[in-house]
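K.L.:
Let me begin by handing over the structure; questions about it come next.
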């Protein structure tokens with residue numbers, strides 16, 4: 001395998017066996033690195049042929065539901081809800097891209113041969129993958145502020161700030177990952193003149209989507225853990241214990257955010273290890289012998305990476321009490337009924353005001369009529 005093909009796999013994060021089809025020559029966004037001589041590659045391809053659509057389908061439905069809930073009026077004013085709502089959209093985008101690639105591979109649609117489709121799929125996979133990672137970093141940072149710097153919560157943790165940060169993040173990522181459109185041919189192989197640039201971008205991508213986010217998340221989580229331990233120790237020394245059933249909203253929010261970060265880290269560690277190995281291998285040598293154990297490890301790591309973008313709704317339902325309450329309200333249609341009642345009250349108020357206005361107008365008309373009659377009578381008397 002050349003540095004180029006290896007770099008493509010390192011950058012996209014896609015496992016070849018998930019996209020490989022023995023009966024076709026199509027290879028979209030992947031190489032043949034996981035296809036081993038003993039047939040393990042074909043076995044992995046068979047397993048992933050069923051796992052990929054299940055994971056992607058469940059994730060698309062779950063993230064759509066999560067986005068709807070996070071935009072519910074009862075929790076949408078929370079800045080962390082906005083970050084998680086945007087992350088739901090990003091994960092949906094990634095999983096839809098994955099499902100398109102899977103469909104092309106399994107059903108032989110050869111979408112990579114259509115002009116700009118291959119470049120667009122690579123571009124979207126980069127954008128959504130990077131965006132999801134950094135949104136988790138932002139969620140972790142907000143949780144750090146809520147636990148370790150509570151005095152800054154009212155200043156920093158605002159929806160307006162969250163929207164501005166997300167806008168700047170999206171613009172930066174779109175610009176940074178636009179290079180496939182001008183450095184690659186229509187079949188997604190780098191132009192010779194841009195070969196070195198694409199290779200450099202591989203390592204830059206690894207820094208900004210693997211090493212830097214991992215370091216930031218681990219540092220923040222360590223600070224959070226230390227703060228929680230110290231808080232627990234102080235409570236024990238002072239003889240103060242939390243009263244059952246009196247856990248405030250602040251604690252509930254931080255619990256869910258901590259769970260989001262922890263699950264993300266656990267499910268992404270295997271893929272990070274595999275990706276790190278590929279980066280090191282591509283840096284030091286031009287080829288990398290793929291053993292059966294490597295192929296299996298890479299396949300499992302890739303499925304866990306996909307799952308990290310698909311099971312978010314389970315985490316929210318398990319650890320987010322406000323998320324569950326908002327979901328129940330949506331299922332019961334309480335928001336719809338509330339809006340309908342508000343409209344009904346508004347209509348009744350308008351009718352009431354109209355009814356109050358009508359007698360006033362009638363009495364005014366009657367007074368004018370009486371005055372006119374009196375004047376006529378007076379005029380008749382004078383005559």
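One-based numbering along the chain as shown.
Note: Cβ is positioned from N, Cα and C throughout, glycine not excepted.
Heads up, TrEMBL stuff is auto-annotated, nobody curated it.
Just so it is clear, the model here is predicted, and its values are computed rather than measured.
According to TrEMBL, the protein has these features:
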- 62-316: domain 'G-protein coupled receptors family 1 profile' (DOMAIN)
- 50-70: transmembrane segment (TRANSMEM)
- 114-141: transmembrane segment (TRANSMEM)
- 162-182: transmembrane segment (TRANSMEM)
- 202-229: transmembrane segment (TRANSMEM)
- 249-269: transmembrane segment (TRANSMEM)
- 295-319: transmembrane segment (TRANSMEM)
K.L.:
Give the mean pLDDT for the domain 'G-protein coupled receptors family 1 profile' (62-316) on the 0 to 100 scale.
P.N.:
86
K.L.:
Which bits of the chain, at least 6 residues beyond where the transmembrane segment (202-229) starts or stops, bring a Cβ under 8 A of a Cβ in it?
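P.N.:
Counting only partners 6 or more residues beyond its ends, the transmembrane segment (202-229) has Cβ contacts under 8 Å with 7, 10-11, 126, 129-130, 133-134, 136-137, 140-141, 143-144, 147-148, 176, 258, 261-262, 265, 272, 275-276, 279, 282-283.
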